Amino acid sequence: MDENQTEVVREFALAGFSQKPSIEAGLFVLFLFFYVSTWLGNVLIMVTVASDNNLNSSPMYFLLGNLSFLDLCYSTVTTPKLLADLLDKNKLILYDQCIAQLFFLHFVGAAEMFLLTVMAYDRYVAICRPLHYTTIMSRGLCCVLVAASWMGGFVHSTVQTILTTRLPFCGPNRVDNFFCDVPPVIKLACADTFVIELLMVSNSGLISTSSFVVLISSYTVILVKIRSKEGRQKALSTCASHLMVVTLFFGPCIFIYARPFSIFSVDKMVSVLYNVITPMLNPLIYTLRNKEVKSAMRKLWGRSGLPWKKQRP
């Protein structure tokens, strides 16, 4: 066997969803709709926040704009390749491309986890310390927290990628998913992966689970600290969209990464949920429940010269 065994396997075959062209043609149309909707929704939020002075100066919407950018990046890591493979019988991906996809998937995914945690802290300060909100959540601190989220994602992804590339791949090359990720890829290694799998589960599983616990705990603290019924209802209204995003994103991640990879098979529908559907739903969840964003969109639409159908109150 070659000394550098990772060079033996030069490409992987992605399992995809089905070998029937009629089914894959329907899935192509469906996922293309999801991807286009993801781009339109998230770009609209980014442009709206950037063009409105009130939103752009607010820490909450500054973070929301960054979340939309991360959703775009996250969806783009896997969906274009998925769409191309639905039209191709040979769903192949080069080894280097597979590792790159794995790296950017965890890079952007972990950065989004950290950013959602930052957004929960922002809501805590806004609701529990409203008089000091603008002082605490200054633009400088927001930029530092966003940069820290990206840096945390980079460190996490680098660890995952290094552990994966150190494994020898010299035999099976069929990845049981529609993209390259840690669980299905390390199953193909020609070596005992118990220790590395334990490290990866500790890394990804710990980050996703601990972030989710911190987020839920922060919202619980917010509700406990608010005594009045009116204030609690307002807090629930403000945090409801965040809780929906958190549940949709962290639930599948914990299900995939916080359990032994070799024992459980990868659920492709769960992968579709957090890779394709959740980035599309985020802008809908935030805008449909947010009067300020909808008002800013109406102004933006009005400046474009196109009529906006006024909704009934």
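Note: Cβ is positioned from N, Cα and C throughout, glycine not excepted.
Curation does not apply to TrEMBL; its annotations are automatic.
According to TrEMBL:
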{"type": "TRANSMEM", "residues": "27-49", "note": "transmembrane segment"}
{"type": "DOMAIN", "residues": "41-286", "note": "domain 'G-protein coupled receptors family 1 profile'"}
{"type": "TRANSMEM", "residues": "61-79", "note": "transmembrane segment"}
{"type": "TRANSMEM", "residues": "99-121", "note": "transmembrane segment"}
{"type": "TRANSMEM", "residues": "141-159", "note": "transmembrane segment"}
{"type": "TRANSMEM", "residues": "205-224", "note": "transmembrane segment"}
{"type": "TRANSMEM", "residues": "236-257", "note": "transmembrane segment"}
{"type": "TRANSMEM", "residues": "269-288", "note": "transmembrane segment"}
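Of the ranges 61-79, 99-121, 141-159, 205-224, 269-288, the one with the most Cβ pairs under 8 Å to the transmembrane segment (236-257) is 269-288. Within the model, the domain 'G-protein coupled receptors family 1 profile' (41-286) shows a mean pLDDT value of 86, rounded to a whole number.
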